[in-house]
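**Q** Before I ask anything, here is the structure I am working with.
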Amino acid sequence: MKGEITQSLGAWVLFTVDIQPACLGLYCGKTLLFKNGSTEIYGECGVCPRGQRTNAQKYCQPCTESPELYDWLYLGFMAMLPLVLHWFFIEWYSGKKSSSALFQHITALFECSMAAIITLLVSDPVGVLYIRSCRVLMLSDWYTMLYNPSPDYVTTVHCTHEAVYPLYTIVFIYYAFCLVLMMLLRPLLVKKVACGLGKSDRFKSIYAALYFFPILTVLQAVGGGLLYYAFPYIILVLSLVTLAVYMSASEIENCYDLLVRKKRLIVLFSHWLLHAYGIISISRVDKLEQDLPLLALVPTPALFYLFTAKFTEPSRILSEGANGH
């Protein structure tokens, strides 16, 4: 009789475990409500709080890991975008005879640097130049809103949260600080030092920023996950194309043409830094002794251009294009 009761109780326990509702959805999890020693009580299946993501057992766990090197390189790429665009439009609208371009370049660098520092300080943990994050496992981690389950095909369980905390939202915070600092500092500087420009041209670089910041924000909101995996190749391709366009537009056909002006050397070294940044991002420096020699390829595009420029003659192509031939 005792054995039958024990078997009945065991079957009842198994039955109660089996009938507990499963936590559906790829990103739905159970939040910890109470913990006392080894006792943990979790709530119903739903969205995880900010700063947490689900584990394999469908429990919401805090993001306590340090960002990987690739994560920092991605954040660096997103931080460089507004700075490069600032410099481009400052150079575009300043004119060749303007002495204000250098001061505006320095101010843009200061704005973006301060925005990056402030963003790190206000992120969790607050007050230190350090962030804690969750590991990026797959592309869908960036688009959790697309994976809300519908158990009965009628009611949707909303489990949208930042599974890649804080790589998604920290970029928006950084752009907001960049915009605020630009509006506080740049107009005063331009008004003081941009005397060589007309009144209508002084603030055009600022107006351009008011256009490209919303574009960058939408780009991060929609394509953040795609950029995370593609940014190393984007850096390499764009840096190669812009270097070739700049050298051909400047009619650089030999080493002497390259060394005759300091500005050309600055542009060349800047592109070399971008080449190195892209190579490091692709290799991720997993095996240091194998990946570092790849940096020797950094000067290759410029050397290839100089060696083959005499066959293409960029100056002749530009003159014919100007004459309409």
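Cβ atoms here come from the backbone N, Cα and C positions, even for glycine.
For 72-90, 102-122, 165-185, 206-227, 233-252, 264-280, 292-309, the entry in TrEMBL reads transmembrane segment.
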**Q** Which stretch from 72-90, 165-185, 206-227, 264-280, 292-309 shares the most C-beta pairs under 8 Å with the transmembrane segment (233-252)?
**A** 264-280
**Q** Count, for each of 72-90, 264-280, 292-309, the Cβ pairs lying under 8 Å from the transmembrane segment (206-227), and report the range with the highest count.
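**A** By the under-8 Å Cβ criterion, the transmembrane segment (206-227) pairs most with 72-90.
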